[in-house]
Amino acid sequence: MSDSPVITDVKVIPVTGYDSMLLNIAGAHSCFFSRVLLVITDSAGHSGVGEIPATQVVQKILQNAAPYLIGQKITRLNALVAELHQRDLRDEHPDMQPFPQARAWDLERHYNAVAAVEAALLDLMGQFLNEPVAELLGAGKQRDEVPVLGYLFYIADRQRADMPYQPGRQDQHPWYHLRHQQAMGIDEVVRLAEAAQDRYGFKDFKLKGGVQRGETEIETAIALKKRFPEARVTVDPNASWSLDQAITLCRGMGDVLSYVEDPCGAENGYSGRETLAEFKRATGLPVATNMIANDWRQLNHALQLNAIDIPLADPHFWTMRSAATIGQLCHEWRLTMGCHSNNHFDISLAMLAHLGASAPGDITSFDTHWIWQDGQYLTKEPLQIREGKISLPDKPGFGIELDWEKVEAANRLYNSLPVKDRDDTVPMQYLIDGWQFNPKQATLLR
Ligand SMILES: O=C([O-])C(=O)C[C@H](O)[C@@H](O)C(=O)[O-]
Ligand SMILES: [Mg+2]
């Protein structure tokens, strides 16, 4: 019936790199960030790869899925992904019991695992068909370059932490030094933006908020807009502002903020979808989210309430194909597609690029944390951000090749870590003793 290659090997490889002491509502980024690579090899001798956020649960889910995948034809991609979506791997595998948080109610880990499998299979399919992954998504490849934004953070003083944060390098572009230095003031954040703009050519900027007083964060956004008048500027306090506060801070700010990301969330018996709908009505500002429309059912409710304009369709939990479908839906329904991110390596950079290349019509610049990791490559010819865009390589699949020496070194670093999963409250203790997460209180207001 078919000459499809079959899956011969599945490898789950956790990898770690270095990060700066970036602040967000959950605390401070550790000096380490971790991801999981899923590498699937087929009988044609090709390897496909997917990258997702690292948790111990997701690794277990993927290890449990491996025997099921081996021997399957790669052309069963659609059916395999649908089947994995439905399997409750925890119940099938008693060794998931030490992870009570897995699968049954922590759906995001399950989605991450399925997303990794789908990405690796798409990479293999692209190589089998000699087409880039973007051609296999949605309406096929729509563009060769994908706009991305300069994702800015307030940066804490790493020297206060007894952790091996990197000091930065002085022998390269100033960005590679500045990204490791404290940046809490408005001028320092503008300086960061200037360096990032000079290095990567960004047209647009996003400021991670939920850290300082809302007024200070809005003043920072105003300063960014003043410095880069043509830029689309946004701020993302991760729903930490109350609805009233969000309206007070953002009303009349249409000439500064092109859109606002998750300005408020659930409060006083009202859901985040309801408060965002009220925020939109009160301010007239477009709203983006990666917090209240993260699966089809949530997206349906968000759209029925007219709560959002820009779904940030992250392929690491939506999966590449579902995120591409959101791109098509946004185009048809006059919404705007964007993409959320977390700290990531260059495999995810390729995933974002192929997703963005498949999206029809206008999209807003995609989020990427890559500028905080740039230089820590796991592929031989990593994609680059130039003039604020990522160009797609003219190669099949994702068009990337793993550098196994680097992957093995990053895996050794992961294995050496005493704490494996992300926990931003730990480094935060060096800044504020006894600090605890409060989703409604800015990080430094304690
Ligand atoms: O847009 C967002 O909400 C994010 O990028 C989530 C991330 O976890 C961000 O808050 C971070 O890296 O600290
Ligand atoms: Mg966000």
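Using N, Cα and C of the backbone, Cβ positions are placed for all residues, glycine too.
Look at TrEMBL and you will find 186-286 tagged as domain 'Mandelate racemase/muconate lactonizing enzyme C-terminal'. If you look up TrEMBL, you'll see LYS208, HIS340 marked as active site, proton acceptor. Here TrEMBL flags ASP236, GLU267, ASN290 as Mg(2+) binding site.
Sequence features annotated in TrEMBL and their locations in the structure.
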residue	record	DSSP class
LYS208	active site, proton acceptor	strand
ASP236	Mg(2+) binding site	strand
GLU267	Mg(2+) binding site	strand
ASN290	Mg(2+) binding site	coil
HIS340	active site, proton acceptor	coil
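Rounded to a whole value, the Cα-Cα separation of ASN290 (Mg(2+) binding site) and LYS208 (active site, proton acceptor) is 13 Å.
Cβ neighbours of LYS208 (active site, proton acceptor) (same chain, under 8 Å, six or more residues apart in sequence): LEU22, LEU23, ASN24, TYR151, LEU152, PHE153, TYR154, ASP236, ASN238. If you take the Cα of GLU267 (Mg(2+) binding site) and the Cα of HIS340 (active site, proton acceptor), they are about 23 angstrom apart, rounded to a whole number. Just so you know, of the binding-site residues ASP236, GLU267, the Cβ with the fewest other Cβ atoms around it within 10 Å is the one at GLU267. In the predicted structure, the domain 'Mandelate racemase/muconate lactonizing enzyme C-terminal' (186-286) carries a mean pLDDT of 98. For ligand 2, the recorded positions lying close by, meaning a CB under 6 A from one of its atoms, are ASP236, ASN290; the full candidate list was LYS208, ASP236, GLU267, ASN290.
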